[in-house]
Amino acid sequence: MSMFDQLSAFALLSGMSPTHIAVLSSAAKEVSFAAGDRLFHEGAPAKGCWLVQRGCVAVDAAVPGRGSVVVQTVGPGEVVGWSWLITPARWHFGAIAVAPTVAIELDTDQLKAFAEHDSSFGYPIAVALLTMVLDRLQTTRARLLDLYRNPADTPMSPL
Amino acid sequence: MLPARYVVTGRTVETADSVTLRLEPLERPIPRFQPGQFTMLYARGVGEIAVSISGDPSVVDSALTQTVRAVGAVSRALHDAKPGTVVGVRGPYGVGWQPSLAWERDVLVVAGGVGLAPLRPVVLTVLAQRWRYRRLIVVAGARTPREFLYSDELKWWSSRDDLALELTVDHAADGWTGQVGFVTQPLARLPLDPAATTAFVCGPEPMMRFSAETLLRRGVPADRIRISLERNMKCGIGQCGHCQLGPLLVCRDGPVVDYARAAELLSVREL
Ligand SMILES: Cc1cc2nc3c(=O)[nH]c(=O)nc-3n(C[C@H](O)[C@H](O)[C@H](O)COP(=O)(O)OP(=O)(O)OC[C@H]3O[C@@H](n4cnc5c(N)ncnc54)[C@H](O)[C@@H]3O)c2cc1C
Ligand code: FES
């Protein structure tokens, strides 16, 4: 499958025109990670965005006394890495492959340059990222509700 | 209606607060159950509560399998019941999942926490009559890896190639290499054939709402999303009005209803 076809198959990019998918393809490459390979470290300068096709990536944080704590996992059809969009571009969390993983890596320097140069490309990109961030926010809120807790227990979350 | 007397003949500890009881009749058994139906279980001297039947509908005997989570006085008494304890059983009651609605379709089972208990008979029905159904996908969420019900059975399900199992937890623990996140995450990304999918969803009400909304966005029709409502019950047979939800008596018209009907009712806050 060509990069164009692979990107077109991504639900998140369904709002983008073929011209824009073609532009995106020029900044995209396929990458793979073995289980245990780290995509990025918490606190490092944020560059890159990965559209996961197969496998599983864990988003994690180092917590003193608890080691590396997995906050969320990202699977096929989902995206990891958006901190590059907002300054200061630093990773707030780390990301590590927890299974053999294949992804499309986007060169975010190029993406930023394209988007700043042509807002008709930048807007759908921003909408796609916002859609992803909103989904992530909703699922995080749902987890904050601690819905499966036993009503007889003290809440684990403050909500 | 008088409860039938059953004796506890088996007690399997599932999690820190849940057990699965095997109950056998001392005299006349109650009629056979349909997946998604419940009984009113009576703990002597404490009280009576609604509990779903979580057993295998394809096994023809008079025993009942029910999974109880201790949350208050009655459920605690049933949870603690040792083999030999006699309990009262009325039922089976209510409208169940009706797995036959999914014949020749993809079956998507979505369970949150102990919501897996009433859904287990659906999965076992599909597995027993595999030729009647297309794909079988089970998505189950728990708070932590140790809080999944039926952990041995889940291992067996995950090893089968005629069932796709997606387990996800709110909080990972040491050694957990699976998914961390809410059930809506796999629902949003799983390859689905929405028009040919029937979903069976059970868990806390907000979890069912979020899941149903995610499935609607994916294009699964509202009348193909079946959810199980929970309301406190007293009579269990449509007479006392205790379980009323809008125009429905949950014990009689439910507990399983389709989302086309339930969406509006779930947005009504209880007083
Ligand atoms: C159709 C149906 C099927 C059910 N199936 C099962 C089942 O298979 N296994 C099982 O363990 N339970 C099941 N339940 C729930 C069970 O009936 C209740 O947990 C039970 O009524 C609690 O009674 P109690 O006296 O132990 O606690 P109570 O003293 O009545 O309640 C203790 C605390 O738990 C809270 N609570 C009670 N019920 C719920 C609930 N459902 N969700 C969240 N909080 C609650 C109360 O607000 C209170 O804070 C089902 C309920 C219905 C209506
Ligand atoms: S419990 Fe009495 S009407 Fe439903």
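Cβ atoms are placed via backbone N, Cα and C, with glycine included.
As given in TrEMBL:
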BINDING   B:CYS235, B:CYS240, B:CYS243, B:CYS251  [2Fe-2S] cluster binding site
DOMAIN    B:1-99  domain 'FAD-binding FR-type'
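Around B:CYS251 ([2Fe-2S] cluster binding site), the same-chain residues at least 6 positions away in sequence with a Cβ under 8 Å from its Cβ are B:ALA50, B:TYR93, B:GLY94, B:ARG231, B:MET233, B:CYS235, B:GLY236, B:ILE237, B:GLY238, B:CYS243. Neighbour counts of Cβ atoms within 10 Å were compared for the binding-site residues B:CYS235, B:CYS240, B:CYS243, and the top value is held by B:CYS243. Apart from B:CYS235, B:CYS240, B:CYS243, B:CYS251, the [2Fe-2S] cluster site neighbourhood in this chain, defined by C-beta within 8 angstroms of the site C-beta centre, holds B:MET233, B:LYS234, B:GLY236, B:ILE237, B:GLY238, B:GLN239, B:GLY241, B:HIS242, B:LEU249, B:VAL250, B:ARG252.
Mean predicted confidence for the domain 'FAD-binding FR-type' (B:1-99): the pLDDT average there is 95. Summarised by DSSP class, the composition of the domain 'FAD-binding FR-type' (B:1-99) is 8 helix, 45 strand, 46 coil.
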